[in-house]
Amino acid sequence: AIRISFFQLFRFASCREILMMIAGSVCAVLHGSAQPLMLLVFGLLTDTFIEYDIELNELNDDRKECVNNTIQWKQNYTAWGVMNNSTWEMLKPLEGRLLDIEYEMTNFAFYYVGIGVAVFVLGYLQISLWVTAAAKQIQIIRRMYFSKVMRMEIGWFDCNSIGELNTRMSDDINKINDAIADQVSIFIQRFTTFVCGFCVGFVKGWKLTLVIVAASPLIGVGTALMALFVSKLTGMELQAYAAAGAVADEVLSSIRTVAAFGGEKKEVERYDRNLISAQRWGIRKGLIMGFFTGYIWFIIFLCYALAFWYGSTLVVDTAEYTPGTLLQVFFGVLIAAMNLGQASPCLEAFAAGRGAATIIFETIDREPEIDCLSEAGYKLDRVKGDIEFHNVTFHYPARPEVKILDQLSVAVKSGETTAFVGPSGAGKSTAVQLFQRFYDPKEGMVTLDGHDIRGLNIQWLRSLIGIVEQEPVLFATTIAENIRYGRPGVNMDDIIKAAKEANAYNFIMDLPQKFDTLVGEGGGQMSGGQKQRIAIARALVRNPRILLLDMATSALDNESEAIVQEALDKVRMGRTTISIAHRLSTIKNADVIVGFEHGRAVERGKHAELLERKGVYFTLVTLQSQGDKALNEKAREMADNEEEPEKLNLSRAGSYRASLRYHTHPHPHPHTHSPSLFHLLIMSFHICMISATPEEEEEETIEPAPVARILKYNSPEWPYMIFGSFGAAVNGGVNPVYSLLFSQILATFSIIDPVVQRKEIDSICLFFVMVGVISFCTQLLQGYAFSKSGELLTRRLRRLGFQAMLGQEIGWFDDHRNSPGALTTRLATDASQVQGATGSQIGMIVNSLTNIGVAIIISFYFSWKLTLVILCFLPFLALSGGFQAKMLTGFAKQDKQAMEAAGQISGEALSNIRTIAGLGKEKNFVEMYEAQLDAPFHAAIKKANVYGACYGFSQCIIFLANSASYRFGGYLVRQEGLHFSMVFRVISAIVTSGTALGRASSYTPDYAKAKISAARFFQLLDRMPKINVYSNEGDKWSDFRGNIEFIDCKFTYPTRPDIQVLNGLNVSVKPGQTLAFVGSSGCGKSTSVQLLERFYDPDHGRVVIDGHDSSRVNVPFLRSKIGIVSQEPILFDCSIAENIKYGDNSRDVSMNDVISAAKKAQLHDFVMSLPEKYDTNVGSQGSQLSRGQKQRIAIARAIIRDPKILLLDEATSALDTESEKTVQDALDKAREGRTCIVIAHRLSTIQNSDIIAVMSRGFVIEKGTHDQLMALKGAYYKLVTSGAPIS
């Protein structure tokens, strides 16, 4: 979506920049005309050489002699001459004086040097002027963009992920930079060369130019077709790979199901089958590319033949052209065509820049809906602090379909403390955010002292409010500075006073640097309690009228909580306070408690009143006190056992909510995860899967892989590699051979005998055609052979990589770097990038080496002295070639480093935008950012000069090389009788090989990328999983009974080590019994099931099966004895029968087995009613079926493996009553004679279990049968009687 014209990119340029750009363009135009100018010199030079050679030939005629530098007939010759045509010759006067070739060459050398120096100056100016002008404009764009982003309303940030904004600040603006800097001048220069080249051609010899131009459409058609086919084939290849990618994605996203049913090997096979077609298309692509490259070279050589044949006719037969003119015309057209080709990459840069600018400029032009920096709005003289919500309806801009607040009406009286309670997502935090004016309500209004807050000045309104969040955000500076953020210009005494009020003073004074201690990135150096108290001090230093406490103590352990709570109670006096909390201890002493549910305030009153109402508040309280009691007993027991009492870090849903807020893009809105009171323990285990990690998560650095190892994987393809290398070698030799032929042509022009001359010319043209044919064949060979070996390697790596992934333990998949998306991309891209280090790369190297080798051999053979002179320039030529290649890839790296400091500020500002808005500190950040922009700007100016000089040098070196070599060539021709064509031969051979050297160095980026990709791959292949699926080690026994014991199991998820999920779980089941787990979300029910499946191993304690420790049992064997039906069963995208068969991957399941399993699962009748019966496709993830149907297929799948242990993880919770009954019957049938573990939330489903275990906070608080537990009158009894849902 490019909506910006090219010239609009320059909208921020001032007059000075415009002048610089104009001057740069003029230099570029002049520079562009230098190459065609050099052709004129070159033509004269050739003519001089040929004239000299013709004169030498005349002297070889023994009838002539040289007197006083003039050639004349010998005196005595006429006397006895035979009277025939020689007399005619005698009558023709002999023309000419003998040329002083050295003097002429010196002149030409000066021309060349002159042009070279001019080119250096112009090249330097054109680049440095443009780059400098661009740097200034980019600085302005960055400044405008950042300051505009900081003014946007919070809703805008919800719709644009922080990560995306950060990339825009760096990459997109760099793209604009590329489009308005050096690329423009290079484009102008090349385009000028293109125009001038054709002008030279048409002015000097229009006939030949037309003939050459007539052949060029063939090349154009070739390139166009090649581009077309390649893009089409790439499309086909991607499409073919997409099928395999879909398999990989499906398998990796349902890895738990695959593991539970032991389907790893089956899936690897299925993936591999889908790779074959992708491989076929890849090979075709290589073949087509080889074909067209060959075709283009073939046409070019035919062009040469045609041009020289026709041109020589014009020179020899009609004498319209001199040989020099022929060369001028020929090279003029050639150079023009080449430069047109080289100018096209610039167009891509321009397009990319315009695309990037579209979004950036749109943001710069967008007016924020709530402008925090505006001066508008009035300020009240005195503020009492009455807050009221009138019928407020609201939904987050990023999720318009979810209503968060629904006609909310609440009044908060001044000077009172009001507590908001309610389950997650009930709209508590949202109400607070509306009051801070982060958002405006869709309907209704929020008032302060009766004034609609939309009419008040935003900065002033926010300055009245002190806010303490659940996860306070500190900035990466000192403690004192962090507190000072609360109110600018506050003195040290106030800071100390605020710190004392917040109970923070003592711990700060204990630190070695006291108030000057740095808190680290995001406050990382401080503990939760310390951060929280600093944040409270920051809120107090504002001396706010209104205090908002959003779960301010939820993330703390009991000790710090008490301290922070005390601090909060101190400061609440006399201020209007809104407190959102989940801990009853923090709410009890509030003046008013408001209960929220579904975006409405449903009840309000004091603690005691609300308990009597038995509503929302009551449910929350009973559940919580139950868990607290158990926890305290547990803690007491531990103390008695003299174990060091581990600090029970429980109920820290806090860190969770915040980390989610930071990480998941696009940012979920706060309401989605303030953990409800139910979620006493951390969010249910499902969420652990999304697992959040610390922000600083860096990509780990990887050593590039050794090439030898990559080649080892490619070893079966060695015959292809040999053939490909042979083709590449021949292709490399073609360039120097071309220079041989070219000089040979020049030599023919000095032959005096017309017949011999004609014959020479024809044979050379034929030779050109032959070279073209050979080149065509070898290009084809090279393209095919290398694509074949490369594609086979890619397929092999993909298969191995996928196999390695499926072999990892489940904990590995919890790491966000290994999410299904990331892994499928890794399979898709890394594997194909590795090709870059083998096939085509080897071809490139062989090609360049033979090119240079052949060139140097040829040159030394014909004239070693001249070769040595030119070789002095070779390193410079190679350097300039490499430099130009580097220019195309750009200096991205240095630019990135220069931007780092600014990037840190913008990153910190964007990730903590809510805190900054709450403190009203946007201006400060904008100023800090602008201060940091000077460094990159100066770096860019410095770069402009260096870069300009390098560019000028790389452009002029070829002129200098020519001047030296032609001058020395003239000396050799004169003094040592070297034939002049050798001079051209040697010079053109080496110059072409020099550029080949440069080209070879430009291929290195691919190569480096390939080595890194390979390294990443090998890292995956070499990783030893903690729980190995593919190994045969471990116990197996024949009489598997299904006797299970959990002995003192403790467990934390590997990605969230700070949260203890199981905390000493003890429970056992006899064979054939049914055990039911009940308890609130996140108390570790599902986790215990996963330990049994050996998705994880416990950190402490053990799981014993039939007397064997689970960690010693063979994994596939253990899993083959367990059948699992989970809450949301995962089906694969294939037929119903195949899904059921998936239950037993160890054998070929017959249709009869499938049908009997389906009957047991009450599924058969429903399947028979479908048109395709068992062959019905279930859709991706089973989307074609209802939940009850999916659930029954999953039950059939579990039954078909005839497991000894059946795990039912909330198997009926997602169903409506009717299907639940059917499924429940099916389950009761399936349970017969098997050990069974049931996790359920509906009490009706578990009443008839043999053992019911009530869990809380990771251990069992009571267990027994239904009747025993009812008699106990404990937690279970309360749950049953209150009828409250358990989750």
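Note: Cβ is positioned from N, Cα and C throughout, glycine not excepted.
Per TrEMBL, transmembrane segment is recorded for 21-45 (among others).
Per TrEMBL, domain 'ABC transmembrane type-1' is recorded for 22-352 (among others).
Among the features that TrEMBL reports, transmembrane segment is placed at 109-135 (among others).
Remote same-chain residues near the transmembrane segment (209-230) are listed as 198, 201-202, 285, 288-289, 292-293, 295-296, 299-300, 302-303, 306-307, 310, 329-330, 332-333, 337 (criterion: CB distance under 8 Å, separation of at least six residues from the stretch ends). Taken from TrEMBL, the feature transmembrane segment covers 209-230 (among others).
Residues 208, 211-212, 215-216, 218-219, 222-223, 225-226, 229-230, 233, 326, 330, 734, 738, 741, 745, 761-762, 764-766, 768-769, 771-773, 775-784, 787 of the same chain, all 6+ positions outside the transmembrane segment (287-309), place their C-beta atoms under 8 angstroms from a C-beta of that stretch. Annotation comment: TrEMBL describes 287-309 (among others) as transmembrane segment.
Here TrEMBL flags 321-340 (among others) as transmembrane segment.
For the domain 'ABC transporter' (387-623), the model's pLDDT averages out at 78. Residues or ranges marked as domain 'ABC transporter' by TrEMBL: 387-623 (among others).
For the transmembrane segment (718-741), the list of distant contacts is 297, 301, 304, 764, 767-768, 771, 774-775, 778-782, 784-786, 788-789, 838-839, 842-844, 846-851, 853-855, 858, 984-985, 988-989, 992-993, 996: same-chain residues at least six beyond its ends, Cβ to Cβ under 8 Å. Residues or ranges marked as transmembrane segment in TrEMBL: 718-741 (among others).
Feature annotation from TrEMBL assigns domain 'ABC transmembrane type-1' to 722-1009 (among others).
Taken from TrEMBL, the feature transmembrane segment covers 761-786 (among others).
Beyond the transmembrane segment (842-862), the same-chain residues lying 6 or more positions past its ends with a Cβ under 8 Å from any Cβ of the stretch are 721, 724-725, 727-733, 735-737, 739-740, 782, 786, 870-871, 982, 985-986, 989-990, 992-993, 996-997, 999-1000, 1003. Here TrEMBL flags 842-862 (among others) as transmembrane segment.
If you look up TrEMBL, you'll see 868-889 (among others) marked as transmembrane segment.
According to TrEMBL, the domain 'ABC transporter' annotation covers 1044-1282 (among others).
A Cβ distance under 8 Å defines the sequence-distant neighbours of the transmembrane segment (21-45), meaning residues of its chain 6+ beyond its ends; these are 10, 13, 105, 108, 111-112, 115, 118-119, 122-123, 125-127, 129-130, 133, 184-186, 188-193, 195-197, 199-200, 204, 322, 324-325, 327-328, 331-332, 335, 339, 955, 959, 962, 966.
Beyond the transmembrane segment (109-135), the same-chain residues lying 6 or more positions past its ends with a Cβ under 8 Å from any Cβ of the stretch are 13, 17-18, 20-21, 23-25, 27-28, 30-31, 34, 37-38, 41, 177, 180-182, 184-185, 188-189, 937, 940-941, 943-945, 947-949, 951-957, 959-960, 962-964, 966-967. Counting same-chain residues at least six beyond the ends of the transmembrane segment (321-340), those with a Cβ under 8 angstroms from any Cβ of the stretch are 32, 35-36, 39-40, 42-47, 50, 190-191, 193-201, 204-205, 208-209, 212-213, 216, 219, 307-308, 311-312, 314-315, 746, 749.
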